[in-house]
Structure formats: C-alpha cells, structure tokens
Amino acid sequence: MTKFSKRYKELILPAGLLSALIIGAGMFALPYVFREAGFLAGFLYLAVFAAVFSTVHLMYSEIIAGTPGRHRFVGYAEIYLGRAGKWLSVVAVLSGLLLTLTIYLILSVSFIKLVSPALPPVVGALLFWFMGSVVVAMSLSRVANFEFAVAAAMVVIVVVLFVLGLAKTDFRSLLLLAKPVRGFTSLLLPYGVVLFALAGRAAISSVRDYFDKNNLDISKLKPAIILGTVIPAVVYAIFVLAITWLSPGGVSMDAVSGIGLIAPWVLGLIGALGIFIIWTSYFFLGLEARDILRYDFKFPSAAALMVVVFLPLALYFYNSHNFIWFVSIVGGVFLALESILVVLMRHRLKPVGYWGRFIILVFLGGILYEIVKVV
C-alpha cells in the first residue's frame, strides 16, 4: 500500500464519511441567520462550534470504545446515566427527528418551486410528504452509499453556486460581509441553527465500524473525526458566501427562494438536487423515528407509523412559515441536550476537565435561551 493510499484509507475516506453524514438541511438556514447576526459573527460561530462538536464526537467515540458490547445511543445513556438518562436521550432524539421531518417539509416547498414555480406551495408539500411517507411505510432498507450520493449532491450545489456567485460579486458585496452586529438578540440567532448544521453524533458509530471492518489503526480515528467535523463548517462558509452574492434582493430564510442573477435552468437543477437530498434524508429519519416509537416506547407498528407520517404534516400546517424557528429549536434544544448527555456519559467513563464543563455550560445556556425565546 502506497503512502497516499494508506492516508486516503485512514484519513480522507472516514473523514468524508463523517462529513457526508453531517452535511444536511441546516446549511440552508445559515445564510439568513448570518446576515441577521453579522457575517463575521456567523463565521465565528462556525469556527467555535466546529471545535466544540469535534470534542463531542471524539467523546462519543471514546464511549463506544470503552463500553463492552454494541449499543444504540439510548443504551449508552442508560448504562452511564441510569433510567433518567435513558428517557432524556429518547425524548431528545425522537423530538429532534420528528421536528426535523417538519423542517424537510417546509424546505421541500422552496426546492419544488425552483423546479415548478407555478405549483401551489401546499400541493408541493403534500407531494413531497406522500413520496417520503410511502417509503417509510414500505420499510425500505437503507441503501448503501446513499449518504455519499446525498453529500455529493450538496457539494455540487455549493460549488455551482459559489462559482456563479464569485463571478457576480463586486467590492460592495464584499463589504456586506463586514456588516456590524445589529444587537444582542441578533447575535444569538445563529446558535441553534449552527448546532443543527454541525451535529454529527449519530454518524460516529458508522466511522468506528469503518475502522473496525478494515482493521485500521484506531489511533488514526481522532484526526479523521476532527477533519470530518471541520469540512462541513468550511462547506457551509462557502455556501453562505455564494448565497449572499447571488441574492441581490436580500437573503431569504430558506436561502434558495431569494436567489437571482442566474439562469432558470441552473435554478431548476439546484431544485432537483435539493429535492433528492431532503427526500432521502426524510425517509431515513422517518424510519429511525418509527423504530424509536416501536422499540423504546413499545408503540404498535401501525401506531408508530401513523405518528411518524402524520405528526410532521400537522406541524407543517400549524407553522409552515417559520423554517428558522424549527431549525433553532431542534439544534438549540434537542441536539444541545443530546450533546450534554454525551459529555456526562464521557465524564462517567473518564473525567472531562474544564473544556468539557465549559461545553456543558454553553449548551445549557443555549437551551435556556431557546426556551425563553419561544415563551
């Protein structure tokens, strides 16, 4: 094995796998909240939370390695934190999944509009919901390499938009990036969105499995996890720049509906790729939510399916216009709670030190902020 092929197998491929599983719909909420908070503040959020989530992901990897047997996240929480930890983890994961399905329904309308502008939003949402729900109902198994296909589609969108945006930008557009923060409330706006975009705890077991199945040096896992967490932050930064340059009328909440300055066929391509991305994610997450209801809450199969199929649709019709609100709640409350549980579990395994305590305080503060904001 050559030096390059060894490095590719031990670093680039597992980092790419983690990145592929992290990059997702949260990307489309970033340009708007960065514009509201100030772009420099937004990029600082990306840098800080890339470091925070690198730590959380490494901690979860150590929990997997230090615990005999194979378990799901809920199982680790019960082992290290007792029944209270188990049920907190179940509620955090399930609530996050169901709200994320609602986020995909909201986002689907924006992508469908790029492909078919004349289609009414409600019809578009119902079509997407039907396509995703049918797959969940059929219990289609996860298709190998789908995650890479989704990530590849994401990267294609980002690269196309960045190249087009760079060609359209001028000095005045660059000055917008130095816009000052509007106020303390605006400064906190990116918090939950950035958490939603960068959290990848669920992908760590897949990366560890890759190392185990290929008999790779486990000491190489740490740099792979760090790189795999940092790459999405870089991709997001590029995406934010591209959307800012291509939205002369102002950045929209969903990033894509405000895009101008490019040919309709390019917008159609972006819309088609976007639909594919969120459709595949929709049924993967739907199956996971269904299994939690069946195996952790002991729901009958039909009842679990009904909840997963109809609750996101009900939430969509209840509040379909607040994409940022849903993303902030999932990231700032449920993913933050999930991350706190990871740090506490790791502390039971091995003391986390000041950095771990700081991470807990940051997430607790963010949860309180998001709850107060809603109330």
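Using the three backbone atoms N, Cα and C, a Cβ is placed for every residue, glycine included.
Positions annotated as transmembrane segment by TrEMBL: 12-34, 40-60, 87-112, 118-141, 148-167, 187-204, 225-247, 259-285, 297-317, 323-345, 352-372.
Only pairs six or more apart in sequence are counted, and the transmembrane segment (352-372) with the transmembrane segment (87-112) gives fewer than three Cβ pairs under 8 Å, not enough to call it a contact. Sequence-distant residue pairs (6 or more apart) of the transmembrane segment (12-34) and the transmembrane segment (297-317) include fewer than 3 whose Cβ atoms are under 8 Å, leaving the two stretches without contact. Sequence-distant residue pairs (6 or more apart) of the transmembrane segment (118-141) and the transmembrane segment (40-60) include fewer than 3 whose Cβ atoms are under 8 Å, leaving the two stretches without contact. It is 297-317 that, among the stretches 148-167, 225-247, 297-317, forms the most Cβ pairs under 8 Å with the transmembrane segment (87-112). Here the transmembrane segment (297-317) has Cβ contacts under 8 Å with residues 90, 94, 98-99, 101-102, 104-106, 125, 129, 133, 136-137, 286, 289-291, 326 of the same chain, all six or more residues outside its ends.
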